[in-house]
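Presented below is the structure to which this report refers.
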Amino acid sequence: MSNWDTKFLKKGYTFDDVLLIPAESHVLPNEVDLKTKLADNLTLNIPIITAAMDTVTGSKMAIAIARAGGLGVIHKNMSITEQAEEVRKVKRSENGVIIDPFFLTPEHKVSEAEELMQRYRISGVPIVETLANRKLVGIITNRDMRFISNYNAPISEHMTSEHLVTAAVGTDLETAERILHEHRIEKLPLVDNSGRLSGLITIKDIEKVIEFPHAAKDEFGRLLVAAAVGVTSDTFERAEALFEAGADAIVIDTAHGHSAGVLRKIAEIRAHFPNRTLIAGNIATAEGARALYDAGVDVVKVGIGPGSICTTRVVAGVGVPQVTAIYDAAAVAREYGKTIIADGGIKYSGDIVKALAAGGNAVMLGSMFAGTDEAPGETEIYQGRKFKTYRGMGSIAAMKKGSSDRYFQGSVNEANKLVPEGIEGRVAYKGAASDIVFQMLGGIRSGMGYVGAGDIQELHENAQFVEMSGAGLIESHPHDVQITNEAPNYSVH
């Protein structure tokens with residue numbers, strides 16, 4: 001039988017329990033480097049990841065956060081085909097060079113070209129002699145189709161085939177931009193020595209490179225994206241489809257990552273995908289992190305029950321206050337030379353700084369993005385104000401939609417037999433995700449400047465915390481005043 005001292009191991013701290021101590025600094029906020037390397041093929045320019053929740057991250061959110069320099073994790077409350085399509089939308093939204101452009105043949109109907117353009121929001125399609133030889137013979141664009149009345153006509157009757165402007169494989173963006181401007185065209189097909197279509201550069205993608213200089217991209221200039229899978233019978237099929245669609249990582253998403261069945265499944269996934277990036281969680285202890293790394297995970301997700309819509313801690317009585325959980329898991333991550341993501345409990349940009357200072361390499365956010373334009377949640381008006389729906393993946397509605405396996409209830413068929421660990425609610429409408437990111441980054445840079453940390457590694461090494469009393473927390477917030485105009489980075493919860 002354990003004695004009192006071993007039963008109650010230690011005190012746990014969360015964000016409202018601590019503050020970072022300001023220190024001598026030679027770092028200005030605008031000099032701070034926020035780049036973070038999570039895995040060999042996964043380097044972000046900002047340490048922000050949007051949660052794999054069905055009211056937070058679809059393709060629109062993933063595109064927005066990747067353009068800002070972060071990473072979106074596409075939720076799994078949809079069919080395998082639908083989720084893979086969401087990944088493709090992100091990967092095709094922006095390219096340095098499109099290495100696998102869509103193409104049709106002269107025999108295809110104009111209607112097929114139109115359907116392809118509308119589906120993927122592109123303005124033109126290269127035309128090849130045959131699907132087998134891929135020899136470029138023309139291109140059809142929106143301009144070619146503008147006055148067509150017979151959409152059953154073959155593309156050969158309307159495509160541009162003479163005086164095609166092309167470039168060789170390996171042409172850089174600067175040269176491509178010059179060619180596009182010189183010929184007043186929007187698309188530049190890349191061909192090999194045999195005239196075979198091997199890539200495509202568009203003026204739109206070049207403009208996006210200029211507009212979003214800090215975007216998080218893969219080696220081909222495409223936006224980074226991850227996607228969630230569960231521990232179910234379709235795990236391998238789903239993971240295969242997601243990687244095939246271009247996912248840079250998969251997130252094995254469960255409520256309790258330190259579970260024998262989960263660890264066995266992760267080891268099988270690692271054996272099946274030996275060279276892919278695997279993120280898994282959630283855990284809240286050093287032992288949990290160690291078990292996941294031993295199973296083959298690259299990045300561990302930390303947090304059991306800290307989220308605003310999560311009820312695990314009160315329904316199950318289980319969890320570890322988030323700052324302590326991050327700190328303990330980070331110590332193990334350093335042993336393995338790997339990384340962690342702090343998932344949940346963050347309300348303000350200052351909490352992000354605390355999460356990083358405690359050892360996090362990035363943070364995962366749900367509620368802070370749920371109210372944005374890009375979030376999939378429905379918009380509603382309540383008492384004259386605009387809100388968006390937000391629900392935990394452990395809520396009844398989300399579990400019925402497909403997330404019940406996350407809470408080890410995948411075999412439950414009746415809604416009234418589900419035991420939820422989350423709630424459904426609403427959050428205030430916030431506008432564009434880019435505006436939220438701007439304010440977040442300003443707060444993170446400011447915090448790192450206060451403690452003299454030029455990058456996240458220095459923050460790990462040099463930051464020190466002070467425990468805060470309840471009175472200290474009251475003092476930390478605006479007090480003894482009635483707020484008349486809310487600041488863009490602060491609201492009363």
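Along the chain as shown, the residues are counted starting at 1.
Including glycine, each Cβ sits where the backbone N, Cα and C put it.
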*Out of GLU268, GLU287, GLU378, GLU421, which is the one Swiss-Prot records at the IMP site of SER308, ASP343, GLY344, GLY345, GLY366, SER367, TYR390, ARG391, GLY392, MET393, GLY394?*
GLU421
*Can you tell which of the recorded positions CYS310, GLY344, TYR390, GLY394 lies nearest to SER476 (K(+) binding site) in space, using Cα positions?*
GLY344
_Reduced DSSP assignment, GLU475 (K(+) binding site)_ = helix
_I need the CA-to-CA distance for GLY303 (NAD(+) binding site) versus TYR390 (IMP binding site), whole Å please._
19
*Which chain-mates of GLY307 (K(+) binding site) that are at least 6 residues away have a CB under 8 A from its CB, listed by sequence?*
ASP343, GLY344, GLY345, GLY366, SER367, GLY392, GLY422
_Least Cβ-crowded entry, counting other Cβ within 10 Å, from the binding-site residues listed as SER308, SER476_ = SER476
